[in-house]
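Asks: Take this structure first; my questions come after.
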Amino acid sequence: MGRKKFEAFGFVCLISLLLLFNSLWLASSNMEGDALHSLRANLVDPNNVLQSWDPTLVNPCTWFHVTCNNENSVIRVDLGNADLSGQLVPQLGQLKNLQYLELYSNNITGPVPSDLGNLTNLVSLDLYLNSFTGPIPDSLGKLFKLRFLRLNNNSLTGPIPMSLTNIMTLQVLDLSNNRLSGSVPDNGSFSLFTPISFANNLDLCGPVTSRPCPGSPPFSPPPPFIPPPIVPTPGGYSATGAIAGGVAAGAALLFAAPALAFAWWRRRKPQEFFFDVPAEEDPEVHLGQLKRFSLRELQVATDSFSNKNILGRGGFGKVYKGRLADGTLVAVKRLKEERTPGGELQFQTEVEMISMAVHRNLLRLRGFCMTPTERLLVYPYMANGSVASCLRERPPSQLPLAWSIRQQIALGSARGLSYLHDHCDPKIIHRDVKAANILLDEEFEAVVGDFGLARLMDYKDTHVTTAVRGTIGHIAPEYLSTGKSSEKTDVFGYGIMLLELITGQRAFDLARLANDDDVMLLDWVKGLLKEKKLEMLVDPDLQSNYTEAEVEQLIQVALLCTQSSPMERPKMSEVVRMLEGDGLAEKWDEWQKVEVLRQEVELSSHPTSDWILDSTDNLHAMELSGPR
């Protein structure tokens, strides 16, 4: 018997190693993952913005600042304003389906890789406000889908490639504030652009710069104006009247000259042209209780979106702390979003939908801002941060969350999610329930945040709505395997969040390997329960200031919520009732009986293979007592 157990243990270890190496291979063998890993290795990241770019996190589509389409192929890399330095890598050219490369406002140096010309699906290339040097690659002229090209405020040198004039889709061009030289093309797509696109390049020449190129004939000035001779009229004007009339005519001509010049420019150029200018400030309007802020108002509130005001970063964008003119503190979420025709109306519709989800345990949307270049959401500022920060990032001066507060958080967040599922029309699926997305107000009441953003983000193809996002440990099995989410996906995430509340630990933590423990919080908890070590899984910060029976009850709810089959998980409304003391004992007893029967069937089917255990099986052996 001992030999059997040893062999079974060895087989389980072998299977575990194979699964681990398989998951690593899936990420490392992914060409796109390799390319992004090369980029991360070549960049200096003082703020750990790229911390989630880990090969153990399934694939690049689960990493922050990366967006994928339905086929789990990278379509967007958003690393703007991230304080990154270092150089880009040629491997970026392997991201064949990439549409948006956002690297603006960093400290990146070196050349712009010519391999970016292989990104034939690229729509937007934003490299402005860096320290790039060298020429603009001629290969960028192969990007025939490019609409936005911003290379301004760098140290680029050499001529403007003529190949860029072949990009007929180009709508926004900014090459200003560089060290470019030579003639500015004025044919093809470049006929659309005005001098502002090329400003502050002292060695550029050509008609658009008002500086003739060497060897070219000077620009012909307009012919001088010769006033017609003054002919006395029959009525006779005095000399004073003639002089006054001449002065008036001259003044009129002086004021009309700019208008005439602009009219000449419009006749010379096509009627419609584009260039990058600061976004127009929207008029302040109210949609019910929802306020529409101007961009300028939010820029002032956040000190121009200063890094020092960043509260957090996520897959939807960055969150900034801000102070409005009346002194009110707010949290401003700056979304990353694809601009599509009709997107403004869609955005406003979805914003209004989110604003109608009003509940004590939901983060209330206070307002929004929409401009041609920005989408922002304004929320009340939550002084106590998130549950995750209170559990794992609290300063020594801050007391740990008491057990009673943790129970209050469990019930409040369940009520908020239940409202999203059962009382919103259409229902809202959160898709990313975890401790980091549960905020705490001044009274430590749980407030569910980031709901509705998956619908709000107006992407044609995005992992936010149809493919896996987030990190291992929070993701329901069916979501991980199919990319399809449901309200039961939220239930699973909620169950993991309960385990975070109880243990104070992360849902996925490689540091647990140091003690030969499971990296997945769910498996780690189950292992301790099977060994009847309940006291070892409770957060040490509680220092035994909890009731064991209440901990057992919360664990039971968590295990019911994290069953592998979504059909067997309770609805959030049922979870609320169980936490309120209604029906947990019956639900737990019923579930245990089903588990016993299922295991008996499995053992009869595999009489010599007692090692075949699903991660959700054999939980009756934990011998958790029922609610008391």
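Backbone N, Cα and C define each Cβ position, glycine as well.
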Asks: For which of the residue intervals 126-129, 274-277, 402-405, 522-525 does Swiss-Prot record region 'Leucine-rich repeat receptor-like protein kinase binding'?
Replies: 126-129
Asks: Can you dig through Swiss-Prot and tell me which residue of SER183, SER604 is labelled phosphoserine?
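Replies: The phosphoserine feature in Swiss-Prot corresponds to SER604.
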Asks: Which candidate in ASN107, ASN545 appears in Swiss-Prot with the annotation N-linked glycosylation site?
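Replies: My reading of Swiss-Prot gives ASN107.
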Asks: Got a sec? Which of these recorded positions, ASN118, ASN187, SER389, THR562, has the most Cβ atoms within 10 Å?
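Replies: Compared across ASN118, ASN187, SER389, THR562, the most Cβ atoms within 10 Å surround THR562.
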Asks: Measure from the Cα of SER389 (phosphoserine) to the Cα of every one of the recorded positions ASN107, ASN118, THR302, then give the nearest.
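Replies: Minimum Cα distance from SER389 (phosphoserine) across ASN107, ASN118, THR302 lands on THR302.
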Asks: With GLY317 (ATP binding site) as the reference Cα, tell me which of the recorded positions ASN107, ASP432, SER481 is the closest one.
Replies: ASP432
Asks: For the region 'Leucine-rich repeat receptor-like protein kinase binding' (126-129), what are the same-chain contacts with Cβ under 8 Å, counting residues 6+ beyond its ends?
Replies: 80, 100-106, 108, 112, 148, 150-154, 174
Asks: What's the most sparsely packed of the recorded positions ASN153, THR302, SER481, counting other C-beta atoms within 10 A?
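Replies: Taking ASN153, THR302, SER481 as the recorded positions, the minimal 10 Å Cβ count falls on SER481.
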Asks: Using C-alpha atoms only, work out the spacing between TYR479 (phosphotyrosine) and VAL319 (ATP binding site) and round it to an integer in Å.
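Replies: Taking the Cα atoms only, TYR479 (phosphotyrosine) lies 26 Å from VAL319 (ATP binding site).
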Asks: Here the binding-site residues are HIS65, ARG313; which one has the lowest number of other Cβ atoms no more than 10 Å from its Cβ?
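Replies: Each of the binding-site residues HIS65, ARG313 was scored; lowest Cβ tally within 10 Å is ARG313.
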